[in-house]
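Trainee: Structure incoming, see below.
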Amino acid sequence: MGLVHLSVLWLLSWQFQGMMIGVAGQALQSGFYDVTCPSAKMLVKNTVEQAFLLDNSIAAALIRLVFHDCFAGGCDASILLDGPNSEKQAVPNLTVRGYEVIDNAKVQIEPLCPGIVSCSDTLVLAAAIAVELLGGPVYDPALGRLDSLAPGNVNLPGPSDGVATSTAMFIANGLDQTDMIVLLGAHSVGQVQCQFFSNRLYNFNNSGGPDPSLNATYLATLQNQCPNNGTGTNAVPLDVQSEFVLDNKYYSTIMDGQGVLTIDAEMSTDPGTRNVVSNLAGRSTDLNISFASAFVSSMDKLSRIGLRTLLDGQVRRVCSAVN
C-alpha cells in the first residue's frame, strides 16, 4: 500500500507541476525524490562507484553520455533506447559508452521505487557522481525529468567542427558560448581515437602537413601514437596533463598548443573565446571566472534542455524501452 501511495503522490505532483517543466524547468529541484524515493541517489552513487572501481575511464564516458543525450532533443534518456532507429546507432554515438551503468542503477532502484525515478534523472545523477569521482566539483543536480517516448534527432558538434559551428549548435540548444567553453572543460578527462583528429597531424586543411598551431614536441608524440595510414583506432588522452582529473588544466594545455581536437585548438586563439579560456586557465583574472562554479552552472543549464511534460514523456521502468 505504501508504494502505491508514493506513486499516487508522485503522479499528483507531476499533474500539478508537469505542464510547466517543458517551459523553463520550474519543476526541477534537488530534493525531488526525497519523499518518493529517498534511496535513489545512494543507489545511483553505489552503482557508479562500483563501475568506476572496475574501470576508471567510465566516469568520463558517463559525462559524455549525458551530453550526447541532452543535445539530441533534450535531457530525456532518449539515447538509452534500443531499437532499429535508436540514437545508439547514430555515427556520433558509436563510441559512446556507459549505457550499462545507467541500466544497472535503474535495476537497483525499480524494485524499491517502481515507476518513480526516471531514467533521465538517473543519467543526470550518474554524471554528477562521475564528476565528483574525477575530482571535479561536488553538486546536487536538480531532478524531476521525464523520459522520452521515442529516439531524438542526433545533431552534435563533430570532431572537426571549430568555434563558429560549435557555438551555433550550443546557442540553438539554449546555451551560450561561455557555456560551450566551460563544458568543453570535460575534455580534461577521457580519450579520443586517432581517426577523429589525424587530419591535424598529417594533412591539415589539405595542406599535406600538420596543423602549425600544434606544439612541435606534442605533435611528434601524437604522430608516434597515431601513425599515418594506421587503423585510426588508437586512443590518446584529450588532456595530456590530467587524463583522470576534471580540472582547469585543460585550458592551459590548449593554450600551450596541446589541444587534440579542432575545437580545442581554436578556442585558445579565437578572438571570441580566448579571453574566457585564459581566465579559466588562471592566466588572466579580469573575468573572475571559477572553473568549478562555472562548470556546475553550465551542467545545470545543459541538463534543462528540452524537458518533457506528461504530454510527451513518462517514467520508463526499463531504460532501454518505453513502457
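Here, residue 1 is simply the first one shown, and the rest follow in order.
Backbone N, Cα and C define each Cβ position, glycine as well.
Found this in TrEMBL, in case it helps:
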type	residues	note
ACT_SITE	H68	active site, proton acceptor
BINDING	D69, G74, D76, S78, E87	Ca(2+) 1 binding site
BINDING	P157	substrate binding site
BINDING	H187	heme b binding site
BINDING	D239, D247	Ca(2+) 2 binding site
DISULFID	C37-C113	disulfide bond
DISULFID	C70-C75	disulfide bond
DISULFID	C119-C319	disulfide bond
DISULFID	C194-C226	disulfide bond
DOMAIN	27-323	domain 'Plant heme peroxidase family profile'
SIGNAL	1-18	signal peptide
SITE	R64	site 'Transition state stabilizer'
Trainee: Could you tell me the mean pLDDT over the domain 'Plant heme peroxidase family profile' (27-323), as a whole number?
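Mentor: It averages 96.
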Trainee: Going by DSSP, give the three-state secondary structure for C226 (disulfide bond).
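Mentor: Where C226 (disulfide bond) sits, the three-state DSSP reduction gives coil.
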Trainee: Measuring Cα to Cα, how many Å separate H68 (active site, proton acceptor) from C75 (disulfide bond)?
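Mentor: Computed Cα spacing between H68 (active site, proton acceptor) and C75 (disulfide bond) is 9 Å.
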Trainee: When the Cα-Cα distance from the residue listed as 'substrate binding site' is computed for each of the recorded positions C70, C75, C113, D239, C319, which gives the smallest value?
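Mentor: Closest candidate to the residue listed as 'substrate binding site', judged by Cα separation, is C70.
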Trainee: Residues other than D69, G74, D76, S78, E87 within 8 Å, Cβ to Cβ centroid, of the Ca(2+) 1 site?
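Mentor: Leaving out the recorded residues gives C70, A72, G73, C75, A77, I79, L80, S120, S148, P151, G152, G306.
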Trainee: Rounded to the nearest angstrom, how far is the Cα of C70 (disulfide bond) from the Cα of S78 (Ca(2+) 1 binding site)?
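Mentor: The Cα atom of S78 (Ca(2+) 1 binding site) is 9 Å away from the Cα atom of C70 (disulfide bond).
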Trainee: List the recorded positions among C37, C75, H187, D239, C319 whose C-alpha is within 10 Å of the C-alpha of D69 (Ca(2+) 1 binding site), in sequence order, or say none.
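Mentor: Candidates kept after distance check: C75.
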Trainee: Here are the disulfide-bonded residues: C113, C119. Which has the lowest count of other Cβ atoms within 10 Å?
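Mentor: Taking C113, C119 as the disulfide-bonded residues, the minimal 10 Å Cβ count falls on C113.
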